[in-house]
Amino acid sequence: MQIYPLRLLPNKIDFDFMNFKKVSYTFSIILSLISFIWIGIYKFNFGIDFAGGIVIEVRLDQAPDLPKMRGVLGKLGIGEVVLQNFGSERDLSIRFGSSSEENLMKNIELIKASLQSNFPYKFEYRKVDFVGPQVGRQLIEAGAMAMLFSFLAIMVYIWVRFEWYFGLGILIALVHDVILALGFMSMTKLDFNLSTIAAVLTIIGYSVNDSVVIYDRIRENLRKYHKKNITEIINLSINETLSRTILTVITTLLANLALILFGGEAIRSFSVLVFFGIIAGTYSSIFISAPILTMFVNRKFNKKVIER
């Protein structure tokens with residue numbers, strides 16, 4: 001039985017992506033500036049991980065229904081409430097932000113009363129701790145270092161596999177994606193917590209993967225078509241990988257949409273940010289990281305790239 005590959009687009013596509021190079025650069029610069037300005041004015045909605053808050057440790061007589069608990073506590077109007085098991089499935093950690101000292105005891109009692117009235121469990125409150133913003137600052141620094149090291153590792157990988165200007169093209173695209181993702185977080189008031197740091201790193205990985213696929217095809221076409229200029233080769237390479245790019249982005253977005261709809265509040269910020277980042281990463285791999293090579297690559301420099 002013959003197996004036919006799934007194709008969303010015809011085999012021969014000749015769309016002139018490079019004709020939109022200046023438009024895409026201008027569009028990206030405007031979006032990046034808007035993101036910077038918005039972040040500067042409205043800041044981020046820091047979650048408990050970074051802003052600090054209260055941690056209540058509870059032991060129950062049986063395993064709790066966490067999704068239902070999150071729904072009940074989320075309606076109390078005290079901001080983000082994070083519930084997690086630790087140790088055994090009967091041990092529960094409840095974290096929430098502390099807006100002011102006056103509301104501190106009030107919110108703790110509100111949570112206790114809500115749990116008692118809505119659930120048939122026996123609650124043993126073992127510890128109540130305050131987590132200060134100093135811990136949050138340390139986590140922010142650790143997250144920033146994680147992103148920095150990921151940038152450096154990617155640069156080295158691309159440099160070894162291709163050439164330095166390929167790495168520079170990907171770096172510019174990644175900075176673009178991260179700026180837009182952070183701007184999107186600020187505009188939509190998504191909670192800035194540890195899961196969103198993981199989301200940004202996921203976006204970086206996805207964007208790099210997309211760009212490397214196109215770069216590989218560019219290098220292959222440099223070997224095949226000696227008389228074409230770099231603009232023609234980049235256009236050809238993007239068109240040849242377009243079907244794969246669209247299939248990948250659709251399947252990834254569908255999987256991520258399931259997380260947004262059914263994953264619950266605990267991973268909502270992660271899922272929404274990754275959904276946006278996949279779109280931004282796909283755009284940047286086609287309209288930024290590939291076209292930007294025309295600034296660095298010409299025929300006299302292509303020999304080293306072709307030989308790798």
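Note: Cβ is positioned from N, Cα and C throughout, glycine not excepted.
Quick look at what Swiss-Prot lists:
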- 28-48: transmembrane segment (TRANSMEM)
- 140-160: transmembrane segment (TRANSMEM)
- 164-184: transmembrane segment (TRANSMEM)
- 194-214: transmembrane segment (TRANSMEM)
- 246-266: transmembrane segment (TRANSMEM)
- 272-292: transmembrane segment (TRANSMEM)
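Residues 50, 166-167, 170-171, 174, 178, 194, 197, 200-201, 204, 208, 212, 215 of the same chain lie 6 or more positions beyond the ends of the transmembrane segment (140-160) yet place their CB under 8 Å from a CB of it. Outside the transmembrane segment (194-214), and at least 6 residues removed from its termini, the chain residues within Cβ reach (under 8 Å) are 47, 49, 139, 143, 146-147, 150-151, 154, 158, 161, 169-170, 173-174, 177-178, 181-182, 185, 237-238, 241, 244-245, 248, 252, 267, 269-270, 273-274, 277-278, 280-282, 284-286, 289-290. The highest tally of CB pairs under 8 A with the transmembrane segment (28-48), across 164-184, 246-266, 272-292, is held by 164-184. Under 8 Å from some Cβ of the transmembrane segment (272-292) lie the Cβ atoms of residues 17-18, 20-21, 24-25, 28, 168-170, 172-174, 176-177, 180-181, 184-185, 188, 190, 196, 199-200, 202-203, 206-207, 210-211, 213-215, 218, 234, 237-238, 245, 249, 252-253, 256-257, 259-260, all in the same chain and six or more residues away from its ends.
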